[in-house]
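What TrEMBL says about this one:
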type	residues	note
TRANSMEM	97-122	transmembrane segment
TRANSMEM	134-153	transmembrane segment
TRANSMEM	174-194	transmembrane segment
TRANSMEM	200-221	transmembrane segment
TRANSMEM	233-249	transmembrane segment
TRANSMEM	255-276	transmembrane segment
TRANSMEM	305-326	transmembrane segment
TRANSMEM	346-367	transmembrane segment
TRANSMEM	400-421	transmembrane segment
TRANSMEM	441-461	transmembrane segment
TRANSMEM	473-491	transmembrane segment
TRANSMEM	497-516	transmembrane segment
DOMAIN	560-780	domain 'Glycoside-hydrolase family GH114 TIM-barrel'
Amino acid sequence: MMEEEVKNDKVEQLVFLVQKRVGKPMSVNVTQAIIESFGIREIDVQNDYGFSSISNLSQIVYKKILERYSNKIPLEKSNIMSIKLTKEDIKDFFKDYLIGIFYVFPIFFQVFCVVVFGYSLWVYSDFNILQSTSVVIGVITSLVLTGGVVTVISKQISFYWNHKNNKMVFQTTVYLIKFGLKLLFFVNAVFVLLSFLLEFFAFQMAILSGIYSLFIGSMLLMIAPLYVFKERIIIPVVIIVGSAFSLGLKVFTPLYIYFTHWIGLGFVVLILWLYLVRFFKKHNAYDPSYTVKDVKREFVVYNNYVYFFYGMLFFLYVFLDRIIAWSVHEKERFLYFIFFEKDYEIGMDIALLTYLLVAGVFEFGIVRFAKLLDRLQSEVTLSSIQNYGKGFIDNYLGNFLLLLITSGVAFIIELFILYSPHGYDAFFEIKLNSINRQVCIIGSLGYFFFSCSVLNVLHFFTLGQPQIPLKSILYSFVINLVFGLFFSRFFSYDLSVVGFLVGNVFFMLFTSYHLYKFFKKWIIIIMRHFKLIMLFLCFSLNSHSKIKFLVCYGKFDVTKVSGYDLLIVESAHFTYNEVSYLKRNNKKVVAYISLGEINEDARDYKLLRSVVSEKNTDWNSYYLDIGSSKIQKVLKSRIQNIFYMGYDGLFLDNIDNFTEHGVQYNLQDDLVAFVRAIKKEYPNKVLVQNAGLDLVKLLHGQVDYVLIESIYTDYDFKEKRYLIRNNESFSERLGNLKKAMNKYKIKPLLLEYAVDETQIKQIRKRIKTENITYSISEISLQKIKD
């Protein structure tokens, strides 16, 4: 009976893990793929879960998830928590709005250069129609091809950056940039080759488009990580300098315009890359020996493929109406499947102002939404949990109101540009016509609905739910295509903008509807688990110690261990899936590693057998020469694997071997250097020093906790007896600990050994008078005491 309950618990745990990973799976097959990605094999299913195959297990898990989604709890309408715009919100709005506008500043600056100089990094006002078509195709392909990679960079690198894993930040950044460059080169090479073979596009112009696409795409790939790192200021600085450099080449050299553009763009790309390298070196992340093998590509692909396709579709969708309009122009096209049309482009460029001016609202809206999520986690009560659904909606409506106001201001500016004698006509020789104005007004409405849709999408991305945005933009793309083709073919080419408008209306309605549904569903799920969460919190708050910690080197059932602030385990016993489960139910999970000894049963013993020294008979282990380059290499590899498994830190054992009276005192300097190197490479990982109080003076700045064994207790290994120290010994050891605490501000953890209830009560009585964190265990640390 007990075994059956354990297996049922494991199935429920698996349901939780699958739902956390993808929400609601699309099918049983998707569920099975997720389960297999956790490392669960066919051979494990019978023993661990009680099913004959993964297929049968997947069906049950999928069914249980569907049941969770179908069960709904009605929400009460009382005590509504209203979250409205406050004075502080208004203040934050202006700050976040300026940050958001900063994102699109490079576009504003290029427009400024074109208006003032007739020239920018990739635009020249004197280009003829053929040249303009080629350059525009290069711009479009660069945005479409890098759109997916840039979206993945924003998501995946943000994850590593927020978790302070600087090494993976560097490795993943380089990997994704290389992938983006390869994609740019491959697609443009295919485009040029097909243009030559099929003659659907002028061959020389195809080469021209490809070169522009490569340079602009490379620049976008270099810029993307800088937004993640909040190194935004360098972007406009480099673009301004690059534009000035390019303009100088145009004015003062006989170079063709193409070359001045390419050299200017290449200069920008080079400076941005050098800045990234400098940034990585500053954060101890730069690794010139890096290879793509260091990145787990399967994880990157699996976790981000939805974001990748969304990013590509996003830009293809934005330019679709232009492509439709340009493909039906009446002029002679000369081997062009699309032909740039200035009247349409001018109208849409002015309309784009609506979207650019509301970019700041996106920044403010998502920051405000994130604050609301923090409130949900930190200050929610049982009486107010039901009202957060209304709170989310109020929050969203406040953001929508700001977006509406900002769009209204943008539309007024556009009307000024269109109809005022001091507007567009005052700056350009060719005046605006009815087509420009019609396209601009319809396009502005389209961009307003598009902005609303993007705000919805950003909410979904913040919640880790990219499936709805991908579906919505795919459906909207089809609607944009159908309506654009219909109006452009049967009425006038410039009415392809109607497809853009209708597609965005659908985009907004579809995402708004599903966002509302998600808010309601989310609150229902939170309510179901709220009582359990509160019980867990009450248990933690009433714990007898400041930090509740556990040390266990044995294998245990992860479903039975929760509520610890610090959990110290032997990493060899647990799978990636089990580590993830432990981390969800405990604050920090750190892995045991010995820097002074190795047991014959350890996984790395065979690698180190030739370099170990004498034997420690008490623990049946061998001493390690920490100064050996071979031993350090094996230990560093082991540490890297531990962190890949998801552990939050390391428990450094046998440090006392290197103290003045330890058997490895001669290696003390090597040990200190090694620990410092580990802390430097992984500055945000938790390091727990085991014993070796004399070394605190050298390591207190490197370790987060110091675990001290047997202040109150002792153990006789020969007699195998648990002992209580006499008052003199106890007072001496406690005094030494307190001196270290006061002088070096260390955070001590006491680990005492006892199994007899009488001894345990005696220990607790003694410790009660001291304000020190403690735990009591059996001497082998292989079992968890009930």
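Yeah, the Cβs are placed from backbone N, Cα and C, and that goes for glycine too.
Curation does not apply to TrEMBL; its annotations are automatic.
For the transmembrane segment (305-326), the residues of the chain that approach it from at least six positions outside its boundaries are 133, 140, 143-145, 147-152, 155, 338-341, 344-345, 348, 450, 461, 466-467, 469-470, 473-474, 476-477, 480-481, 484-485, 488, 493-494, 496-497, 499-500, 503, judged by C-beta separation under 8 angstroms. Of the candidate ranges 200-221, 233-249, 255-276, 473-491, 497-516, 200-221 has the most C-beta pairs within less than 8 angstroms of the transmembrane segment (174-194). Contact counts against the transmembrane segment (473-491), taken as Cβ pairs under 8 Å, peak for 497-516 among the stretches 233-249, 441-461, 497-516. Beyond the transmembrane segment (233-249), the same-chain residues lying 6 or more positions past its ends with a Cβ under 8 Å from any Cβ of the stretch are 102, 105-106, 109-110, 113, 117, 119-121, 223, 226-227, 255, 259-261, 263-265, 267-268, 271-272, 275. The average pLDDT for the domain 'Glycoside-hydrolase family GH114 TIM-barrel' (560-780) in the predicted structure is 84. Taking Cβ pairs closer than 8 Å, the transmembrane segment (441-461) reaches residues 155, 307, 318, 347-348, 351-355, 358, 361-362, 365-366, 369, 396, 399-400, 403, 407, 410-411, 414, 418, 468-469, 472-473, 476, 497-498, 500-501, 503-505, 507-508, 511-512, 514-515, 518 in its own chain, all 6 or more past its ends.
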